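**Student:** According to Swiss-Prot, the repeat 'HEAT 1' annotation covers 20-54. According to Swiss-Prot, the repeat 'HEAT 2' annotation covers 57-91. Residues annotated as repeat 'HEAT 3' in Swiss-Prot: 94-136. The annotation repeat 'HEAT 4' is assigned in Swiss-Prot to 143-182. Sequence annotations record features per position, and here Swiss-Prot assigns repeat 'HEAT 5' to 217-256. Among the features that Swiss-Prot reports, region 'Disordered' is placed at 323-382, 496-532, 1096-1115, 1130-1202. Sequence annotations record features per position, and here Swiss-Prot assigns compositional bias 'Basic and acidic residues' to 334-353, 1130-1140. For 1175-1184, the entry in Swiss-Prot reads compositional bias 'Polar residues'. Sequence annotations record features per position, and here Swiss-Prot assigns compositional bias 'Acidic residues' to 1191-1202.
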Amino acid sequence: MAVSMASQFFSQEEGTSEVVSTSERVVELLNMAALATNDTKITMLKQVQELIINKDPTLLDNFLDEIIAFQADKSVEVRKIVVNFIEEACKLDNELLIKLIANLHMLLKDENVNVVKKSILTMTQLYKVALQWVARSRPPSEQQESCWDLVTEMAADILLLLESDNDGMRTHAVKFVESLIVTLSPRTADSEVPKRQDGDISLEQIPPDHQFLKYNTLRDLGKQAVKELLKFMAHPAISSINLTAALGSLASIARQRPMFMAEVIQAYETLHANLPPTLAKSQVSSVRKNLKLQLLSVLRHPSSYEYQGPISTLLLDLGTSQGEITRHLPPPRDSNRKRAREDGEGGQKKSRTDIPLPDDDDDKDTMQLPTIPAPAPSTQSATDITADFVRPLLSPENVANLVLISMVYLPDSMPASFQSTYTPVESAGTDSQIRHLARLMATQMSAAGIGPGVEQSKDIPVDVVEEENIKPEGLVIKRRISALTKGQAISVLGCQSEKTKEEEEEEDDAPLAKKRPEPILPATQIRPSGVGGRKKVFRLKEVTEPLTDVQIKSLKLGAVRRILQAERSVGSSGASQMRVKVLARLVTQLDISVKAEVLSHFLNDPRMRLDLALAWLYQEYCEYQSGAGEEGYQECLIGILTGLQERPDQRDGVFTKVVLEAPLLTDSALDVLRKYCEDEGRSYLGMSTLRDLILTRPARQFQYLHLLLDLSSHEKDKIRQQSLHFIKRMYEKESLRPYIEKFALNYLQLLVHPNPPSVLFGADKDTEVAAPWTEDTVKQCLYLYLALLPQNHKLIHELASVYTEATADIKRTVLRVIETPIRGMGMNSPELLLLVENCPKGAETLVTRCLHILTDKVPPSPELVKRVRELYHKRLPDVRFLIPVLNGLDKKEVIQALPKLIKLNPIVVKEVFNRLLGTQHGEVSSSLSPLTPGDLLVALHNIDSSKCDMKSVIKATNLCFSARSVYTSEVLAVVLQQLMDTTPLPMLLMRTVIQALGMYPRLGGFIMNILTRLIYKQVWKYPKVWEGFIKCCQRTKPQSFSVLLQLPPPQLLSVLQTSPDLRDPLLAHVRAFTPHQLAHVPHSIMAILEAESRTDAGAEEAAQVEEEQETPAQDIIARRLAQEKSLKKQIEEQKGRNNQEMEEVAEVDPPAIFIAEEEEEESLKSQGKEEPQEDSSSNATTAEKSPVADEPMEEEPVEKKD
């Protein structure tokens, strides 16, 4: 539509104002973006792109350099925006490719993965744009040719990224390769063309007479890309993400370029037969599902008609139903229509393109236009040959034999991975299934390098292989050297003819014809200049003089110092790693002074310069491995470790990091590590390092473990305890346990030597020295063993074995130090119980000590008591074994063992009584003892004198009385009561009575009752007891006077003869009686008391006469009744006057002279006359049956009056 000049003029005026405002806005945004932060900068640059690309493209040339300058920005997102701007700008104006393709090449080499991925996506679009632009240029310029060379080089770089370490980069590279293959292959009638790619260029659109775009070269590039993609998908370690992307790309290629459908189907078959072993179970399921979807999409394509058999078989193996396969088959009519259209278009194309092409100066071959390839490849592959070989062999008999043979190697249960992917074969035995099985087997055989197909491929003549290999190499455009480093380069096109020497010389002399595209660089950078003409070669030797050794050394040292001092400036520029590498390489090649300078530099700040030390150390190790001596590495390692050890503050673990990162630890380095561990302030860090070495370096772990074990016998307690702590944790590991046990037992066995070996004093050899064993040296041999004992109870038997052969001094030390480990084992340890049961000869004291330790604070277990009892009764009848388990024995067993126990050492006897009385820890708790305190004291009195001497029994009773908190007055009262009931009377009865009275004087009344009962038991018949009776009467006078008056005359006379000092007080006591009371005192008693002036013989005769004289029973009873009434009256008066406090003792019987009235009446009726002795015995019987009085016996009235 024509526009008038006036309307054009006015529209230009309106546009000018708009451009000015847009331009100012762009300038403003660019200035603000240069100073803004990342987020704001990104927003502004997006606005700039919107204004320039979409609103006013005329501003593109004006602000191109300013926008491209942001490609050096530190922000990744900013650089990605620059990549996107390059794409949009080049699509808008293809001529900008000449300016911007070099910048895109730089961004393709960016250090950030995301920028590289964005650049690959941009290249996916710009490759087609560049090819279309170059193909339509008639004639193309040299700049376009150079630009296309760089685009081709970038495509080759992206192909190499298929081997990248980054999953995302590989995925983006797969997508680029897919686009590259579609672009560099002809579009046919059956090709699917996505709507968004409808206008894209393809190979058939390349002009046949183009100056440098060669049809065959581009076609071979596309085929080579197909091979690279297939090779990538067949890699055994391909990831699930990459495999999914490759499957989709191959399916897309097969639909858009049916000529490659055969290769795609074969690749799918190979993948189905050889899934990568690195995939997880869930990934395998995902890949199989994706493979099924891609096969269905390929099956829907009209060109899949020739491949429906293998595709259907694969789908059936993947679990697809036959109905679903049928639904995805292309309609026959569509297929026929497309074939007709293909034939028509093919004829037209043939008529249009079958024009002879003019000769090209660069390539003398005649170009042939593309024809639609046959569906199957013209030559058979190794897989096809092997499949043809295997297929006839798959007869039912052979298959059955193979199944039977393979069943031997099958697992008992179906593996989960196989079960999850297995699908039943629906068409088993059919011809298609046999062909499919043959191809699967052939694929696996070819991958393994076996089969006739592989053999035939090896037998191909060498000239054919060379010819096939030479052709693509000549056609592939060679890689260029980067323009940033070389300036200019000549584009080399495919050519098979070799150049002569003359032609090469001419090319060398010729100036460079084409200039490679250069990137737009920021103003602050210096643009590299191109190579000019020839220059005179500069020879350094012509202008320099040799330096002296001193100068050389000084220059070297100065250079290294400058590098060291430039640490901060180099770090700010981001070249720290390069600086470290340079220093590491330099220092290994220079002399000691330089090494000392670098070491000093490191030690000034070890934490920040650790990377330098490790780089230097590894460089020295590389030199050592390459054949140099070990001295350099040794000096470097020792220098670093020693320097770190000498530093006062080492809390950041640099020493540990160096030790753990060092590639090799020499013996000298281990010596430094040992000294580090022996420093009390660093012992934990040093031993932690040793532990990490043991766990992370299995090749020499026992050497490091030996060092840690050596420290377990260190003389410093802190070092030793720290070492034992780590060893016990190492002991939990099964692989280290035998070595640790062996070391501990070796040290334990040293105790059998007559003298301590020198190994205990730090010497290298195990030789004995003249020094005797001391407690410290004995403990050195035991520390590790005792630390392991609670963790491995079986080691206790080794201690018993060594103990039997050791000297007395060693045994004493062993007994002192085993308390903690034995307590840690516990009395329920099976090994400890076994030791008790099988106590070795000579280890009795060790076993006894163990028993004492185990039962010191807790009662013995029934199992322990059982083992000790069996040991005592069957093998070793040593009563000392029973002491620790006394509280677990029966009462009868303890009483039987008492005679032997009290004959032991006094200290041991005291321990026995402490256990029985429950007072071993200063607390009274006899609830667990089989004997009560009273039972124990009674048992001691009843010990047979033939089994134990009386002296030991007396000492034992004294121990009981020393436990005053146990033997209270109540307990003693019960004991005395039990002893009184014993027949015959115990020999030590009166001694106990006297001791009880001495401990508790308030028992006086109860004692009087005891004495009275003893008269009834005719105590004078027991000489020892009678002697004690007299002594007790002496000590308890005047309370005992009433008891003495109850004695028969002969026994009273014996008492007065034994203790004459009792006569006068007793006589005075009697004379103080009232006449009524005195009338009841027998004349014989008075005669004995008043016979002081007579001779002893006369007194005896009078006593005998009085005894023989028969007195009527009535007179005796009357006198005693009177005495009873008189005494009772006196007692009541005494209670009223003194109000004496009642004593809490056992009830006592009344004196024998007090007879109840009922007994008096019975005696009057039944008896005539009785002898005094018989009367005493009858009263004694009565007293025994009477209960113990609650009140103590009162003192005599005469004493109270006084």
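Quick reminder: no glycine exception, Cβ is built from N, Cα and C everywhere.
Explain the structural surroundings of these features, please.
**Tutor:** Summarised as a single figure, the pLDDT of the repeat 'HEAT 1' (20-54) averages 88.
With a threshold of 8 Å between CB atoms, the same-chain residues lying at least 6 positions outside the repeat 'HEAT 2' (57-91) that come near it are 19, 22-23, 26-27, 30, 33, 38, 41-42, 45-46, 48-49, 51, 97, 99-101, 103-104, 106-107, 110, 112, 114-115, 118-119, 122, 125-126, 129-130, 520, 522-523, 525.
Look at the repeat 'HEAT 3' (94-136): DSSP puts its residues at 39 helix, 0 strand, 4 coil.
Residues 97-98, 101-102, 104-105, 108, 113, 116-117, 120-121, 123-124, 126-128, 130-131, 133-134, 137, 197, 200, 202, 211-213, 221-222, 225-226, 228-229, 232, 239, 241-242, 245-246, 249, 252-253, 256-257, 260, 477, 479-480, 483, 489, 491, 514-517 of the same chain sit 6 or more residues outside the repeat 'HEAT 4' (143-182) yet have a Cβ under 8 Å from a Cβ within it.
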**Student:** Looking only at residues six or more beyond either end of the repeat 'HEAT 3' (94-136), which have a C-beta under 8 A from one in the stretch?
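**Tutor:** 60, 64, 68, 71, 76, 79-80, 82-84, 86-87, 143-145, 147-148, 150-151, 153-155, 157-158, 161, 166, 168-169, 172-173, 175-176, 179-180, 183, 200-201, 205-207, 210, 213, 482-484, 516-520.
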**Student:** Within the same chain, where does the repeat 'HEAT 1' (20-54) have neighbours whose Cβ lies under 8 angstroms from its own Cβ atoms, ignoring anything closer than 6 residues to its ends? I mean 6 or more beyond.
**Tutor:** 60, 62-63, 66-67, 70, 73, 75, 77-78, 81-82, 84-85, 88-89, 92
